[in-house]
Amino acid sequence: MTLDDLFSMRGTAAGQTNIRNLKAMQISIASPESIREWSYGEVKKPETINYRTFKPERDGLFCAKIFGPVKDYECNCGKYKRMKHRGIVCEKCGVEVIASKVRRERMGHIELAAPVAHIWFLKTLPSKIGTLLDMTMADLEKVLYFDSYIVLDPGSTSLAKLQVISEDQYLQIIDHYGEDALVVGMGAEAIRSLLEELNLEALRAELREESQSTRSQTKKKKLTKRLKIVEAFLESDNKPEWMVMEVVPVIPPELRPLVPLDGGRFATSDLNDLYRRVINRNNRLKRLMELGAPDIIIRNEKRMLQESVDALFDNGRRGRAITGTNGRPLKSLSDMIKGKQGRFRQNLLGKRVDYSGRSVIVVGPKLKLHQCGLPKKMALELFKPFIYSKLEERGLASTIKSAKKMVEREELVVWDILEEVVREYPILLNRAPTLHRLGIQAFEPLLVEGKAIQLHPLVCAAYNADFDGDQMAVHVPLSVEAQIECRVLMMSTNNILSPANGTPVIVPSQDIVLGLYYMTVERSFEKGEGMAFCAPWEVVAAYDAGSISLHARIKVRMPDGRLLNTTPGRIMVGEVLPEGVHFDLVNTVLTKKNIARLVGNAYRDAGTKATVLLCDRLKDIGYEFATRAGVTIGVKDMTIPQSKKGILADSQAEVDNIERQYRDGIITRTEKYNKVVDVWTKATQDISQEMIKEISYDVMRDEKTGKEELNQSFNPIFMMSNSGARGNQDQMRQLAGMRGLMAKPSGEIIETPITSCFREGLSVLQYFTSTHGARKGLADTALKTANSGYLTRRLVDVVQDVIISEHDCGTVDGLEVGHLIKGGDIKMRLAERVLGRVTLYPVTDPETTEVLFPANTLIDENVAKKLDEAGINSLHIRSALTCRSDRGVCAMCYGRDLARGHVVNIGETVGIIAAQSIGEPGTQLTMRTFHIGGTASREIERSNIQAQYTGRAVLYRVKSVRNKDGQHMVMGKSGQVGIVDEQGREREKYVLPSGAKLHVEEGQEVKKGQLLAEWDPFNEPFVSEVDGLVKFTDIIEGKTVQEKADEATQMTTQTIIEYRTTNFRPAVALCDADGVVKTRPESNIPASYSLPVGAILMVRDGQEITAGDIIARKPRESSKTKDIVGGLPRVAELFEVRKPKDMAVVSQIDGIVTFAGETKGKRKLVVTPETGDEKEYLVPKGKHITVTDGDFVEAGEMLTEGHPELHDILGVKGEKYLANYLVEEIQDVYRFQGVGIDDKHIEVIVRQMLKKVTVLDPGQTSFLVGEQVDKAEFRIENQKAIEEGRTPATAEPLVLGITQASLTTSSFISAASFQETTKVLTEASLRGKNDHLRGLKENVIVGRLIPAGTGYREYVHSDISVPEQKERPDRFLEELVGAPQPVVED
C-alpha cells in the first residue's frame, strides 16, 4: 500500500519541483496490477550479495538488474562504463547503465504462490475484512491460519454460507452427505473468493433498509459500522479482494541497506531478514506444490507464508514477534513509520539542520537588544561558504580550494572578511525546550573572543534561560526571503509583547530591577533635602557634583511647567524616557511590576523603536546603580520579629484548648484537625506580617533636629523581595519568620508546624518533617515535565490547521461577558476581560442610552477605559467559538494579535500560538512546584460576607427561619444576597451557604463593610424549620449510627456511618405531640431531614426543639494542599473530556427537588418541573448531596459534590455554556498559579473540540445515523439539500477530547503523524482519502511551505517588486525596527 501519486512523479525532473504544485494527496489500497506496474522485476531468490565479490546476486534482494546499478553509469559486469553509454541495457548482465540513485526509488515484487491477507485490514480494530464479511475476528483467524474450514457454498447440507467448521465437523458432514454436497475453503484463498463475490451495491441497499427497520440500538450500530465500510469501498476505487494480496512489493534496496563493517561482517536492515523469510517460504511452497505434496504439509507452508508476510508488514501484531539473532524483535514496515523514532516524527517533522552550531551561553550586559555575541570560531565555521565566495570575488583566492586553505590557516584577511560577512546578517538563536515561539529569535551577531555565545539579559525571560550552564543553538538563514523574515518578524526587537497575554516579555529582572528600585527610593534627611531645581539637567549636574544624595526629596520644575516632588534618582531614570511617555510613570518606587507597566505604556504610546531604546537604557542604568548600591545579604539581615514568641505561645495555648475540647468530645477528630491547621496557618501569617512590618521600615533620625521619620527599609533581603528582583515574602518568612505547616507525601497537612526559621536552624525532627516537601518537589518536577510536554503536543496537533482565513465571516453570534466574580469579589473587571476583542453589537451608555461605540469596534486600552468609566457591566463580544469561517477563524472574531497590538493579520497561525500559550506555562508550573519547599500554604477559611459597596440589600430565592435568638438561619443552598446601588445596578452578589446566619433583610440599606451573613466554616449544619419533638427514623446503633467514644476523650458522639444494607435511610423527623410528622412551612413536604454519611447528631430522640435549632452537622472535608500538580491533570482532564473522578450528578431540568427513598443502594432524587415530566436521579451512597429537600434547581445545576461531566453540560446547557465553563475551569487552574493566558487561546482550542456534530436523522442526505461530521461540511451539505428540495439532516452538537479531535481531522497525514499511525492509514486507504494539504503539518511532511504567515496563499501568489540597491545601507536595522511590515502588491 503506497502513495500512487509519489510514484507517478518518480524519476522525472519535474518530479523534483512537482511537490509545489500538488493539489492533494491520495492514499488507497494497491491492486496487484499496480504493484506489478511499479515493479522493475520479480525478486526470486533470498540472496543479497556475493560474499566474495560483494556484488549483488542476480534475482536476489539487491539485484542490479531489477533495482539498477550499484555504481553510477556502470553495469554489473563492467562492460559499459561512464556517461556515454547512458540508457543502454547490458546484454551480458542485463543491468541498465544509469545513475545509481535509482536504487532509492525502483521497486521489485514477489509473486506469492498462495494469496495472503494484509494484516492491517485484518487486525486493525475493528477488523475491516471481518466487518465486511460479518465474521468475528476469532473465526476469521481460524480460517486464515488454516485451523478451520469456511463454508463457501452449503449445497444440499443444513449449514449456512460463511459458517466456520472444524476439521472433525467437516469429516462428519462428508460422511453424512458425501464429498460433493458442499464447497468449503481454507486460508486467504477462501476469504479472497468471498470478498470477490460481494455485490457491494446490493449489500448497501440491504443494509440501509435493515438499519431503518430495526429497533435495537446495538444492531443499528453494528449495521452502520458495516454500511460505512461498504460505502467507503463504493466511493473509492478500491476493491475488497485487494485486502488479500497475491503480490508483495519489495521496497528499493537503498532504503533497506546492507553495510559492510570492518572484519568482513555486514550490518543489515531488519527488512532484509523479513523479506528473506517471505521469499524462502514462498519458494518452498512453490516447490511443494509442484511436487504434489500432501495437503497437510502445503497447508502448514501456506500458514507460515501468511505469518511471514504478517511479520514483514507489522511484526508482533499477531502472535509472538519474530526476533533477530540478539533476541530483539525485528523492525517491520509499520515500525518504520510509527512512533517518535518513526519516519513521520523523526525524519519528516523533525530534521537536523545544516549551518547550525551550539554552545554555552553567558550574559552580555553590554549588548544592544538586537545583538548577540557569536564566538569567532563558530562564525568562521557557519559562514564558510560566504567567506569562500568573498575571497574569490576580491581576487584573494583563485579557486574555492585555495580559499578553503586560507580559511583553514586562519589568515588575517579571513577575519576581516568574516567581520564584513557577519555585519547586519541576522542569525537565529534557539534554546531547547522551545515551548513557545519566543524560544527562537533573531539577532545580529557581534564577533566575540572565547567559545561562549553572549545573550542579551532582557531576552532571558522569553527563552527561560539562565547562565548556570544552559546551551543554545545558532542557525544561519540562507535565502534572502529567510533573512527578511528574520529581520521583520523574528528580530528580538519585534517581540516585545508576549503572544500569550499581550504583556511585555522584555522586562528588566533581577540586578536591573534592584538597581532601578534603589535609584527611585526616597529617604528622609538625606543630603540636599528640600532643594528646588529649575530643570532636570540641573539635578543631574548637582548629583554629579556630589551636592545632593540619590534619594533626597527635592522639587523640580519639569519641561511642562509643573513643579514636582521627586528625587534625583527618579529624575535620572526620567531622563531616559522617550517622548510621549509620562514622567509620572517613574515618579514612584520602581518595582518589577511598575517597570513592566512602564515598558507596556511606552510600547503603546511611543512605538517599538523607542521602547527598545528605553529597555536598553534601563538595563544600563539598572546595572550601574545595582553595582553602586552594593547590596549584599548577611545573616543579620534576617531579623526575627520580637513578637514571634508571643504569637507561638498564644497559638500553642489555642491548640491545647482545641485538643481539650476534642478530649471532652465537644468536637470530632476531623474538626480538631481542621481547627488546628487553621490556627497554625493564622499564626504563620501573623508572624509573617510582623516580620515584614519589622523588616520593611527603618526609623531615620535627623542629627540636627532630632526629628524621627519612618522610611522604607534598606534591608537587602527586603529590597530584593519588595522590588521583585529575587525571592518573595514566602521565602522571607521561611528565613526569618517560621517555616510553617508542611504537607505529607499524600498531600495532607501535618498538624505540627515547623516553628523555627532557617536563621534559627531546624531541629532534627523539623528537618525530617521538611524532607517530605523537598522530595515531593523534585519527584513532581521529573514526572510532570513529561506530562506537560505531552499535553502541549496534543494541543498543537488539534489546532495546527487553525489559521486566520478571512477578515470578517459576517456572523451575528457572539459571547456575553461580564466582570469575573468569585465569592462575591470582582477578580477581573470587564474592561480587562474584553481587551483586544471586537464588539458584536453597538455599545450604549446605560444611563443616557447614547451609542458609545458601533458594532465591530476593536476594544483597545482607550475603549476599555471608557467602558469602565461608563459603568458597563456586561457586553457582547465576537469570539473564535462563534466564528462562521469554514476553515480557520476570521480576523474580527479573533480580535487583536496580542504580540503586535493591532487586529490580527490574515494568515496568522492562531492555533499554534494558542497551543503554545497554554502548554508553555504548564511546563513552567510543573517545574516550579518545589520553590515554596512544599510548605503547606492554605487560605484561612472564609466565614462571613461583608458588603463591598454601599447600597440596598436584595435577597434571591432565600428561605430562612428565625431561631430562638431572633436570628435568620438560611435554609437550602439556592439563596443569594446582593447589593444594588441608587441607579438599580447590581454591584455584588454572594451565594449563601446552608445554615448561615443572615444579618440583613430585603431592601435594607447597607453601608460598605457591613456584615451581611456569617457561618461556621468547618461544619455544614442541618437546621430545623419547625418546632416539634425529635423522632429518629432508621438511626440504629451499630447499623447506621455509631457511638464514637474517643480513646483520648472518653466522650461519645453519634455519627452516621456507611451502612451495608440498602433499605435504611437515616433521618430526623419533627412531630407534634401525637407523633404525626409535621410539614415544612409554605409546602406540604414532611419536615424530615435525611442525614448523609459522616453527619454528627446534635439532638436526642424525643427531645423538644424550636425552629432554627441545629439537628446535626457535617464537618467539611479536611484541606489538602493544592498544587498545579493537581492542576495539570485537571487541565488535561478537561481538554480530553474525561469523566471526572468525582463526578457530580447534574439536573437536566428546572424544578423542585424531592428525596424519594432508595433503590439498589442508591438514593433517589426527583426533580419536578412546573409543567412536563419529572426526572429521577440516582446518587451513590457516600456522595454528598448539595441540595436540600424542597430546593428549587435550574437545569445544569449540580445536585451533588464534584465536577460535572462535560457531555452532561453540553446536553443540558448547550454549546456556549459548555465553552464558557471550559474556559473558566481551565483559567481557574492557571490563575491560581498566577499565570495570565488570554481567554481567546482557550476558546480557539475549545472551538476545535466542538467542531463536529453527530447526525441524528440523515433526512435525504448522504450522511448516516450516528456519523460524526464537521460542522462546515454539515452546513454545506444541508444547504445543498434545501436548494435541491430534499429533506435536510438534523444533528446534535458533540464535544470531543483533543486526542480524539486530532485523530478525526480531515487530513490523514496529520492524523497519522500524531498517534495510532497504522489505524489512521488503514482507514484512510480504505476510503481512498484525499488530503488537501490545508494544515501546517501535512505541508511540512510533503516538504512544502506552510500555508500560513508568509506562505499563505494570498501572499505566495503575488509579485513583489524591490528597487535595485547596490550597497546595504548602514542603518538597515534602525530603518527596519521601526518600519511597518512590507506592503504586498497584488
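Just so you know, glycine gets a Cβ as well, placed from its N, Cα and C.
Residues annotated as Zn(2+) 1 binding site in Swiss-Prot, with sequence analysis given as evidence: Cys75, Cys77, Cys90, Cys93. Sequence-distant contacts (6 or more apart, same chain, Cβ under 8 Å) of Cys77 (Zn(2+) 1 binding site) comprise Cys90, Lys92, Cys93, Val95. Taken residue by residue with DSSP, Cys77 (Zn(2+) 1 binding site) is part of neither helix nor strand, so it is coil.
For Asp466, Asp468, Asp470, the entry in Swiss-Prot reads Mg(2+) binding site. Same-chain residues at least 6 positions away in sequence with a Cβ under 8 Å from that of Asp468 (Mg(2+) binding site) are not found in this chain.
Annotation source Swiss-Prot lists Zn(2+) 2 binding site at Cys809, Cys883, Cys890, Cys893. For Cys893 (Zn(2+) 2 binding site), applying a Cβ distance below 8 Å and a minimum sequence separation of six or more within one chain yields Cys809, Thr811, Val838, Arg878, Ser879, Ala880, Thr882, Cys883, Ser885. In the three-state DSSP reading, Cys893 (Zn(2+) 2 binding site) counts as helix.
Of the chain residues outside the Zn(2+) 2 site list Cys809, Cys883, Cys890, Cys893, Glu806, Asp808, Thr811, Arg878, Ala880, Thr882, Arg884, Ser885, Val889, Ala891, Met892, Tyr894 have their Cβ within 8 Å of the site's Cβ mean position. Distance noted between the C-alpha atoms of Cys75 (Zn(2+) 1 binding site) and Asp470 (Mg(2+) binding site) is 53 Å. Sequence-distant neighbours of Cys890 (Zn(2+) 2 binding site) (same chain, 6+ residues apart, CB-CB distance under 8 A): Ile804, Ser805, Glu806, His807, Asp808, Cys809, Cys883, Arg884.
Secondary structure at Cys809 (Zn(2+) 2 binding site), as computed by DSSP, is coil. Report note: the Zn(2+) 1 site is defined by Cys75, Cys77, Cys90, Cys93, and the residues of the same chain whose CB lies within 8 Å of the CB centroid of those residues, excluding them, are Ala64, Asn76, Gly78, Lys79, Tyr80, Lys92, Gly94, Val95.
Look at the binding-site residues Asp466, Asp470 and count other Cβ atoms within 10 Å of each Cβ; Asp466 has the fewest. The residues near the Mg(2+) site, meaning same-chain residues not in Asp466, Asp468, Asp470 whose C-beta sits within 8 angstroms of the mean position of the site's C-beta atoms, are Ile361, Ala465, Phe467, Gly469, in sequence order. With a 10 A radius on its CB, Cys809 (Zn(2+) 2 binding site) counts 18 other CB atoms from all the protein chains. For Cys90 (Zn(2+) 1 binding site), the number of other Cβ atoms no farther than 10 Å from its own Cβ, over all displayed protein chains, is 20. By neighbour count, meaning other C-beta atoms within 10 Å, the densest spot among the binding-site residues Cys93, Cys883 is Cys883.
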